[in-house]
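Notes for the one structure printed next.
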Amino acid sequence: MQIKQNISLKPYHTFAIEQCSHYLVEVGSVDELVDIYANPDFRELPKLILGSGSNVLFTQPFSGVVVVNRLSGKTLSEDESFYYIHAEGGEDWPNLVEWCVQQGIGGLENLALIPGCAGSAPIQNIGAYGVEFKDVCQYVDILMLDDFSQRRLSAEECQFGYRDSVFKHALYNQCVVIAVGLKLPKTWQANNSYGPLQEIAEHELSPMSIFHKVCEVRREKLPDPKQIGNAGSFFKNPIIDKAHWQQLKAQFPNIVAYPAGEQMKVAAGWLIDQCDFKGVQVGGAQVHPKQALVLTNAQSCTAQDIIQLASLICDAVWDKYQIALEHEVRFISAVGETCLSELRVES
């Protein structure tokens, strides 16, 4: 385990913005995780657990220790009704999904090509095309940072919500996800109700056909972070009450939304697109011309460029629809997590 000093974070997050960390260490075992968090030299320093860095924006140089989760490995078991997959927290999520499909195991195909690591999936309760992580989760293994004990949380204990979980609330900064357990039924049912997936002919429906379709759509609509720096969907799809929805529907008949329990989930990309932000650029930051929900590092942008562009979008959407957008991307300051509203006050 090598502890690096004053290291560039550009290769460690998909926005690929030049920023540095005072310390950085890549850990390949739980013992190494414990060593870092128990190290008296680092005790008072802020720490940030990072997977593939696909959902973060570093707004300042990080003054503490960035801990990169490299825990790897996966195992497969089964009984008469289910497949069970145990994946270490540093396992690449897109590779895990593809591996399952290649094994003939269905259930994860709708979650194909979502960047990130297995350990990040429960924190964010990742989701796409009608499936969320909570739908396939059996358990999440965590390392508690106060006494370094290991716990196994059931899916219910994870308190999953829309892009939300207990790891953002009661367990925030209290633990590290070291592994996840997935439970996938052998009696596979296609989840093809969303948009382009309906184009697949019924006789061709399979985990593999849905996997390929999801990959095709994502590659067509979303920029490859290896080519253009980005963190995927920058904003969450806002959830509003039905009274507000009905007012907007009367004024904007083409508004795109879906039921979310007793409320409505509005397509943030549609809202941003209707405010004419596709292709808009601030400094080196740009709203992707094909997908308004994605902000990109188009030309060696700074974090401030992204912040200013995101602020303009939030203001425009509020002025037109009275909907407050919430960013899905995590903003990381010099000492830890912050948010757009705090940064706007500071600037």
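Cβ coordinates come from backbone N, Cα and C, glycine included.
Copied from Swiss-Prot, the annotated features are:
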{"type": "ACT_SITE", "residues": "Arg163", "note": "active site"}
{"type": "ACT_SITE", "residues": "Ser233", "note": "active site, proton donor"}
{"type": "ACT_SITE", "residues": "Glu328", "note": "active site"}
{"type": "DOMAIN", "residues": "16-187", "note": "domain 'FAD-binding PCMH-type'"}
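Between Ser233 (active site, proton donor) and Arg163 (active site), the C-alpha separation comes to 12 Å. On the backbone, the CA of Glu328 (active site) and the CA of Arg163 (active site) stand 8 Å apart. Long-range C-beta contacts of Arg163 (active site), restricted to its own chain and to partners at least six residues apart, with a cutoff below 8 Å, comprise Gln124, Asn125, Ile126, Gly127, Lys236, Glu328. Within 10 Å of the C-beta of the residue listed as 'active site, proton donor' we count 21 further C-beta atoms, all protein chains included. Around Glu328 (active site), a 10 Å sphere centred on its CB holds 17 further CB atoms from the protein chains shown.
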